[in-house]
Each structure stands twice: as C-alpha cells, then as structure tokens.
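A.B. asks: What follows is a structure written as structure tokens; I'll ask about it next.
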Amino acid sequence: MMKYDHILVRYGEMTTKGKNRSKFVSTLKDNVKFKLKKFPNIKINATHDRMYIELNGEDHEAIAESLKDVFGIHKFNLAMKVPSELEEIKKGALAAFLLIKKPVKTFKITVHRSYKHFPMQTMELLPEIGGYVLENTEDIMVDVHNPDVNIRIEIRSGYSYIMCDERMGAGGLPVGVGGKVMVLLSGGIDSPVAAYLTMKRGVSVEAVHFHSPPFTSERAKQKVIDLAQELTKYCKRVTLHLVPFTEVQKTINKEIPSSYTMTVMRRMMMRITERIAEERNALAITTGESLGQVASQTLDSMHTINEVTNYPVLRPLITMDKLEIIKIANEIGTYDISIRPYEDCCTVFTPANPATKPKREKASRFEAKYDFTPLLEQAVANTETMVLQTVDKAEEDQFEDLF
C-alpha cells in the first residue's frame with residue numbers, strides 16, 4: 001500500500017518579507033532541522049516558496065506532531081510523490097484518500113499543472129481522477145463547494161505531489177530572526193504565555209526568575225525550571241537565569257513604606273534584568289503584565305516601574321483578560337505547571353494595601369534613603385544560569401521508568 005513519503009511546508013507571513021526572505025527561510029530550515037533531529041533519515045529542501053521534507057521511511061505522524069510547534073510554518077501537507085503518469089496519479093489520489101482517518105462523505109479534486117506539457121488538460125483530469133476514486137470507494141460523493149476532503153494534485157515535469165491531509169502550523173515568524181529579549185518568568189500563568197507570544201514573533205527569549213529562599217521553596221524553583229523546559233517545545237533552547245532575591249526583598253520590606261514595596265520590588269527586578277540583558281546582548285524585556293489585572297499592573301504602576309530602564313518593555317498580554325490568557329496557557333502546555341501551589345517571591349511579601357497609582361517621584365525618594373546598589377550587584381553576581389533544551393517525550397518516559 002502506498003503511504004506518505006513527503007511533507008510540504010508553506011511559510012505564511014514570511015512570504016511578505018521581500019529582500020530578507022532568504023534569511024527567514026534559512027532560519028526556519030535550521031529550526032526545523034533542530035526540531036526533527038531525532039529523525040535521521042529525513043532530507044530537507046527549503047526553497048524560496050516552500051519547504052520539502054523527504055521522509056525516507058520515517059514516521060510521518062511523529063514528524064507532523066513535531067512540526068506543529070515550529071513558528072514560521074503556516075500550514076503543511078502530508079504528501080505522496082509519484083511519477084507524472086496518469087495511472088500513477090490516479091492510484092496516488094486513491095491511496096491518499098484512503099489514508100484519511102476522519103469520517104469522510106464527500107471530496108473534490110484540485111489539479112495544478114505547473115508542467116504545461118502534460119498530455120491532459122486540467123478539466124480532463126478532474127473527472128478521470130475523481131471517477132477512479134469513486135469506483136474504488138463506497139458511500140462517497142463529489143462536492144466541489146464544501147467537501148470533507150480536497151485531494152490536491154500538483155503535476156510537474158517527471159513527478160507529481162498528491163496531498164489531502166492538511167495540518168495547521170504554529171504561524172508567526174521563525175524564532176531567531178527578531179533578536180533576543182529577557183522574559184521575566186515568575187512561575188504564574190501569565191509570564192510563560194508572554195514568552196510564547198514573544199517567540200511567535202521570531203524573537204529568541206532568555207528567562208529571568210527571582211527566587212527568595214527560604215521564603216520560596218525548591219519546589220517553586222523547580223516549577224519555573226519545568227516551565228522553561230516546556231517552552232523549549234517552541235524553540236531550540238531556553239536559557240534560564242535564577243536570581244537570588246532574598247536580601248533585596250528583605251531590605252525593601254524593611255526600608256520602604258509598605259504601600260510602595262511592590263512598586264520598588266518591580267523596579268529592582270527591572271534594574272537587575274537590564275544588567276543581565278546587557279551581558280547577554282538582549283534588546284528588550286518582556287513581562288506577563290495585563291492591564292488592570294492586579295495592583296502592580298495599572299498604567300500608573302507601569303509608568304513608574306518603566307522609569308528605571310532604558311530598555312523597551314514588551315507586554316504581549318497587555319489587553320488580554322485572564323480567561324484569554326488561561327486558554328493559551330492550556331493550549332501550549334504551561335497551565336498545569338503554573339498552577340502548582342508553590343509561592344513565588346511576588347506573593348510571599350505582598351503588602352496589604354499596595355499603591356495602585358504610585359508616583360515616580362515618591363518611588364525614587366524612598367529608594368534614595370538606602371543604597372541598594374551593592375545588593376543588586378550581589379544578586380547579579382550570584383545568579384545561576386542553566387540552558388534547557390527540548391526533551392523527547394519517549395526519552396523522558398524512559399528516564400522516569402528508571403525510577
């Protein structure tokens with residue numbers, strides 16, 4: 001029985017990039033190669049308009065499952081490559097149709113003849129191929145307007161592609177074409193979604209997490225590591241910077257009026273993140289803030305917090321409500337990790353009545369009464385950095401079985 005031997009990838013938004021298109025295509029090819037490195041027999045050919053993945057016996061479903069998380073892919077088709085001969089095309093169309101797993105009652109044939117010397121015209125091919133499918137199936141009808149399946153055939157010189165199983169890609173742009181940002185990764189629901197949406201725009205991310213032992217536990221730290229690990233599904237790797245924040249936070253709570261401790265804490269986080277960003281050649285800072293969600297996420301708060309950094313602060317979730325954010329978190333696999341009941345440093349020292357309209361002048365005046373510089377430098381110097389890469393699910397299961 002014939003089976004899929006190719007996957008054809010369509011780029012989507014990348015096609016609008018003009019002179020930079022070759023860079024985008026090259027980056028996408030590198031990302032796909034990295035994502036599919038566990039399939040040693042495949043061959044990848046990335047052209048100006050499309051990417052062709054030759055399977056060479058590898059499992060098409062496993063490859064399709066990996067491809068769906070690669071940013072820069074609009075859609076992809078499971079395909080068969082057959083000689084450009086009528087009988088072979090007919091057999092291929094039937095075989096592709098029979099591989100469809102969902103219930104199908106109607107179909108249509110679409111033919112694109114880029115090889116104009118093929119001996120039959122498109123309007124001659126449609127009934128010929130469609131009739132062959134009808135003759136060899138039962139309870140199936142042709143519906144050219146709203147079919148359950150569209151059997152698409154591309155006829156070229158020497159060979160043709162036949163496809164009818166179309167899958168959606170992740171969309172966006174290839175990770176790596178848009179520079180690098182530092183993402184404040186708290187361990188909550190919002191910040192992993194912000195990281196995901198930032199990567200979707202082609203930006204590489206490194207994560208910064210502030211932890212305050214013994215007020216925050218090792219389990220809370222592991223939760224953030226697991227979140228960063230989950231995000232590697234969408235890129236080659238995530239570098240995670242774990243910043244010890246205990247002394248800074250204790251000093252803030254001692255020296256700063258309680259209504260401003262949250263604001264000053266955020267300002268200190270921004271200062272530390274900016275220093276790490278400078279060392280790592282990042283160009284911006286991403287946060288998971290959503291306008292009005294909590295006291296520290298009002299416009300006044302953001303205005304006051306932004307004062308301490310010259311870096312652009314990206315807020316992908318700024319107009320989303322909580323349910324929209326949770327929906328994405330569920331889709332990308334971070335929600336169940338985020339809701340593990342472990343405290344982070346933003347919640348263990350939460351004041352009873354935080355200022356919702358903090359002023360820059362007040363925050364600066366409160367900070368000026370104590371020299372925080374040595375504490376910030378110590379936090380940066382003692383930051384632990386780890387690099388996380390995608391773990392194959394089968395390998396992960398095998399590892400867990402050892403215990």
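Residue numbering: from 1, along the chain as shown.
Cβ atoms here come from the backbone N, Cα and C positions, even for glycine.
For reference, Swiss-Prot lists these features for the protein:
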DOMAIN    61-166  domain 'THUMP'
BINDING   Leu184, Leu185, His209, Phe210, Arg266, Gly288, Gln297  ATP binding site
A.B. asks: According to DSSP, which of helix, strand or coil covers Arg266 (ATP binding site)?
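C.D. replies: Looking at the DSSP assignment, Arg266 (ATP binding site) belongs to a helix.
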A.B. asks: Within 10 angstroms of the C-beta of His209 (ATP binding site), what count of other C-beta atoms is obtained when all protein chains are considered?
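C.D. replies: The Cβ of His209 (ATP binding site) has 27 Cβ neighbours within 10 Å.
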A.B. asks: Name the secondary structure element type, per DSSP in three states, that contains Phe210 (ATP binding site).
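C.D. replies: Strand, per DSSP.
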A.B. asks: Could you say whether, by DSSP, Gln297 (ATP binding site) belongs to a helix, a strand or a coil region?
C.D. replies: helix
A.B. asks: Between the binding-site residues Leu184, Leu185, whose Cβ has more other Cβ atoms within 10 Å than any of the rest?
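C.D. replies: That would be Leu185, with the highest Cβ count within 10 Å.
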A.B. asks: Just to verify: the residue among Phe210, Arg266, Gly288, Gln297 with the fewest other Cβ atoms within 10 Å, which of the binding-site residues is it?
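C.D. replies: With the binding-site residues Phe210, Arg266, Gly288, Gln297, fewest surrounding Cβ atoms within 10 Å: Gln297.
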A.B. asks: Is Leu185 (ATP binding site) helix, strand or coil when read with DSSP?
C.D. replies: coil
A.B. asks: For the domain 'THUMP' (61-166), report the average pLDDT of the model, please.
C.D. replies: 95
